[in-house]
Amino acid sequence: MVWLVAMTPRQSSLCGLAAHGLWFLGLVLLMDATARPANHSSTRERAANREENEIMPPDHLNGVKLEMDGHLNKDFHQEVFLGKDMDGFDEDSEPRRSRRKLMVIFSKVDVNTDRRISAKEMQHWIMEKTAEHFQEAVKENKLHFRAVDPDGDGHVSWDEYKVKFLASKGHNEREIAEAIKNHEELKVDEETQEVLGNLRDRWYQADNPPADLLLTEDEFLSFLHPEHSRGMLKFMVKEIFRDLDQDGDKQLSLPEFISLPVGTVENQQGQDIDDNWVKDRKKEFEELIDSNHDGIVTMEELENYMDPMNEYNALNEAKQMIAIADENQNHHLEPEEILKYSEFFTGSKLMDYARNVHEEF
């Protein structure tokens, strides 16, 4: 099942927009502070890995709170604020141009043009940006599906996929295809065998009833992007529970959720990382995932939390994002605030001080 997202076009007065735009442009031109772009190497590495293994389900899903391995998505707020414009704020961007882009985004979120962003306005924006990520995934899936469906019959079997997957890992495609055809044992290492087992389970889960072990393009989308299917989202939650639920009671306690990853580095830098890991996950568990605040997270609660098209979650995220930068505590986001906290919203620190802006006004 693929979710279709309908979006209502935004409408506003041309005169109002012109005045509003001039005001923002004036504000941005006042800012000459030196910028320090953030390091986007992790984003680029993920893109490179995706190109190498385009038919392998990604660990990272844009606009989804948790990675497939249960880690928090560190880029989530930037993804749901910038949408397809994330690349426009990379380390090569010119700071002043980036500030202008940020103010253009501000004006789009600020639907009623009162020069401040409310939680409702931010919620609607988050939903739109999430829909953009959905549409991008659908577009990419068409290319990925063609890679595993060379005969173009609109269906891919598990064996066909397995051949393409192993070929992408450096195995001889012809030899693998011949071995599978003759029901011979594949000569792959133990790690690859384990990956294949997990992929097979996921493949069967994506095969909508009546099961025929053949995936259509839509089913293949669910296979690669479980956030597009309610059934696959449930499967993703079960996989995360399998990794985190230490006592097997099908519930997650706070200690289970904040457990440190294996291979902790025993030095000060490693300790700082560990402290941040615990702090971030504890906050996420208590404030967002555990919706009834009983100290336990059920599969249903985790599924609701991970559902990128959950409007209630989007509103909570909107409030949280505003609270990060809301220095005057008016429950709205203002231009000076979003510029001062630009690193949170865009990944780039576009100005070193906001005090000068205030003094100019």
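For all residues, glycine too, the Cβ spot is worked out from N, Cα and C.
The signal peptide feature in Swiss-Prot is assigned to 1-35; the stated evidence is sequence analysis.
According to Swiss-Prot, the N-linked glycosylation site annotation covers ASN39.
With DSSP classes pooled into helix, strand and coil, the tally for the domain 'EF-hand 1' (97-132) is 27 helix, 1 strand, 8 coil. Here Swiss-Prot flags 97-132 as domain 'EF-hand 1', drawing on sequence analysis.
Among the features that Swiss-Prot reports, phosphoserine is placed at SER98. Counting Cβ atoms from all protein chains shown, SER98 (phosphoserine) has 21 others lying within 10 Å of its own Cβ.
Around the Cβ of ARG116 (Ca(2+) 1 binding site), a 10 Å sphere holds 19 further Cβ atoms from the protein chains shown. Under the heading Ca(2+) 1 binding site, Swiss-Prot lists ASP110, ASN112, ASP114, ARG116, GLU121.
ASP151 (Ca(2+) 2 binding site): 8 other CB atoms within 10 A of its CB, across all protein chains. Here Swiss-Prot flags ASP149, ASP151, ASP153, HIS155, GLU160 as Ca(2+) 2 binding site.
Annotated domain 'EF-hand 3' per Swiss-Prot: 196-231, in sequence order, evidence recorded as a curator's inference. Beyond the ends of the domain 'EF-hand 3' (196-231), by six or more residues, the same chain brings 1-3, 55, 57-58, 61, 63-64, 134, 137-138, 141-142, 144-145, 148, 154-158, 161-162, 165, 188, 306-308 to within a C-beta distance below 8 angstroms of the stretch.
Here Swiss-Prot flags ASP212, GLU219 as Ca(2+) 3 binding site. Following the DSSP three-state reduction, the secondary structure of ASP212 (Ca(2+) 3 binding site) is coil.
Around ASP249 (Ca(2+) 4 binding site), a 10 Å sphere centred on its CB holds 10 further CB atoms from the protein chains shown. As annotated by Swiss-Prot, Ca(2+) 4 binding site applies to ASP245, ASP247, ASP249, GLN251, GLU256.
Per Swiss-Prot, domain 'EF-hand 5' is recorded for 277-312. Taken together, the residues of the domain 'EF-hand 5' (277-312) have an average pLDDT of 95.
DSSP gives ASP290 (Ca(2+) 5 binding site) a coil state; it is part of no helix or strand. The feature Ca(2+) 5 binding site is assigned by Swiss-Prot to ASP290, ASN292, ASP294, GLU301.
Taken from Swiss-Prot, the feature region 'Necessary for intracellular retention in Golgi apparatus lumen' applies to 308-361.
Residues or ranges marked as Ca(2+) 6 binding site in Swiss-Prot: ASP326, ASN328, ASN330, HIS332, GLU337. Taking a C-beta cut-off of under 8 Å and a sequence gap of six or more, ASN330 (Ca(2+) 6 binding site) has these contacts in its own chain: ARG116.
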Densest Cβ neighbourhood among ASP294, GLU301 (binding-site residues), 10 Å radius: GLU301
Cβ atoms near ASN112 (Ca(2+) 1 binding site) (within 10 Å, other residues, all chains): 12
Among SER98, ASP114, ASP149, ASP245, ASN328, which are recorded as recorded positions, the nearest neighbour of GLU219 (Ca(2+) 3 binding site) by Cα: ASP149
Secondary structure content of the domain 'EF-hand 5' (277-312), with strand meaning DSSP E or B: 23 helix, 2 strand, 11 coil
Cα-Cα distance linking GLU301 (Ca(2+) 5 binding site) and ASP153 (Ca(2+) 2 binding site), given in Å to the nearest integer: 39
Cβ within 8 Å of the mean position of the Cβ atoms of ASP110, ASN112, ASP114, ARG116, GLU121: remaining residues of the chain near Ca(2+) 1: VAL109, VAL111, THR113, ARG115, ILE117, SER118, HIS332
